[in-house]
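**Student:** Take a look at this one; I'll ask things after.
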Amino acid sequence: MSGTRDQTIDFFRGVAILLVVLFHFTARLPSSALNISEDAPLPVFFGWVGVYFFFIISGYCIFMTLERSASVSQFLARRFSRIYPAFVAAVLLLFLFGVVFHVPSVPEANFHEVEPGPLDVVLNLFFVGELGEWVDGAFWSIAVEVKFYALVALLAGFFPDRGRFGRLFGIMAIVTGLVWIGSTLLSGSGSITPQSLLKFLTIAPYLSFFAVGLLGWQYEQGRPGTGRLLAANLVLSTVIVWVEASPFGPQGWAPATICALVYLGLALLFVRFIRGGAISAIPGVTWSVAQIGLLSFSWYLIHENIGISMLATLDRYLPAQVALWIVIASTFIMAVVFANLFEWRFRKPVEAAAMALLGRLRRLMAPVLPKPAP
């Protein structure tokens, strides 16, 4: 791809968010729940792997941010200011949206089964919506990201040697991922099972995706010993996608295999990128997707509930294909406005406030903090 490396990352983000949006609007719910009577759009049933591609990108960018930060405190402040202002705004706005407008409840698809209440809003703001109801189902991945940031900060405090840090993270991702796969195959999925607790408490199934990105950054920087760990986590993460797609369920192994192959294709595109390979550009399209990537966080935050509500209404009066494109365009325009009002406006002042708070906490806790490992 021509242009800067940052533009390539934005292109990856654009691909990921387009997959997620298309999944939510075409395959997340049955056609009947959206009032589609005929000519339903082709379901992009594999689009959910876009979230896992986001995790790879996040692992790459987070470690880059860590190495460019003067301290762990600055790293945390930057990540907090990047996510929290927009997340708070999204939680509050979508809660109010649900009060005013109808969001379909589809229990058989585990979608909006219970109306979130004020207590759920509080739980969401602390990234523990699993203890109640997520205001928007897409928020689960934001909580995973936050836990990843906390883990990175903790390990960085104990292991200032970034090469050692990367190797430890890669090994930990493999071990926890294998444990999660074993628990899933033995106990199955459910709201309170060993695999679900591993998800909530340790983000075990997601660490290998972050590890691909993190080790990818180290590989790109020429750190020795990262290639094999990167390859192992790439294979493991592909297997996790296959297991997550429920190959032993009623849909069978074929859709699960397609999901795993789509993810693997995206991951290999990332590997090509970190190895310095050129990403072929399509005139006009590549640049446009990269611009979408710049707005991927805001679009991700606000698209699902609003878009599903709009689809359920428009599909009563318009052909499903027309309604789909109207909703895609409308939610993207909303994301442009949302990003300017909330995501970008408060980043610098929130980062400064977070740095001041973390600095004060560090001074208070300095006598009891452990010394970093040599």
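Yeah, the Cβs are placed from backbone N, Cα and C, and that goes for glycine too.
This is the feature table in TrEMBL:
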- 8-339: domain 'Acyltransferase 3' (DOMAIN)
- 12-30: transmembrane segment (TRANSMEM)
- 42-63: transmembrane segment (TRANSMEM)
- 83-103: transmembrane segment (TRANSMEM)
- 138-158: transmembrane segment (TRANSMEM)
- 165-185: transmembrane segment (TRANSMEM)
- 197-217: transmembrane segment (TRANSMEM)
- 229-247: transmembrane segment (TRANSMEM)
- 253-274: transmembrane segment (TRANSMEM)
- 281-302: transmembrane segment (TRANSMEM)
- 322-342: transmembrane segment (TRANSMEM)
**Student:** Counting Cβ pairs under 8 Å that are 6 or more apart in sequence, does the total for the transmembrane segment (42-63) and the transmembrane segment (322-342) reach three or more?
**Tutor:** no
**Student:** Within this structure, do the transmembrane segment (281-302) and the transmembrane segment (83-103) have 3 or more Cβ pairs under 8 angstroms, counting pairs 6 or more apart in sequence?
**Tutor:** yes
**Student:** Which residues of the chain, 6 or more past the ends of the transmembrane segment (138-158), have a CB below 8 A from one of its CBs?
**Tutor:** 20, 24, 51, 54-55, 58-59, 62-63, 66, 72, 75-76, 79, 83, 87, 90-91, 124, 127-130, 165, 168-169, 203, 206-207, 210, 300-301, 303-304, 370, 372-373
**Student:** Would you kindly list the residues that approach the transmembrane segment (165-185) from elsewhere in its chain, counting only those six or more residues past its ends and only Cβ-Cβ distances under 8 Å?
**Tutor:** 63, 152, 155-156, 159, 193-195, 198-199, 202, 204-205, 207-208, 210-211, 214-215, 218, 223, 225-226, 229-230, 232-233, 236-237, 239-240, 243
**Student:** What residues elsewhere in the chain lie close to the transmembrane segment (281-302), defined as a C-beta under 8 angstroms and at least 6 residues from its ends?
**Tutor:** 1-3, 7-18, 20-21, 54, 83, 86-87, 90, 93-94, 136, 138-139, 142, 331-332, 334-336, 338-339, 342-343
**Student:** For the transmembrane segment (322-342), give me same-chain residues lying six or more residues beyond its boundaries with a C-beta closer than 8 angstroms to one of its C-beta atoms, as numbers and ranges.
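**Tutor:** 21, 25-26, 41, 85-86, 89-90, 292, 295, 297-299, 301-303, 306-307, 310-311, 314-315.
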**Student:** Just to confirm my parser: what is the rounded mean pLDDT across the domain 'Acyltransferase 3' (8-339)?
**Tutor:** 93
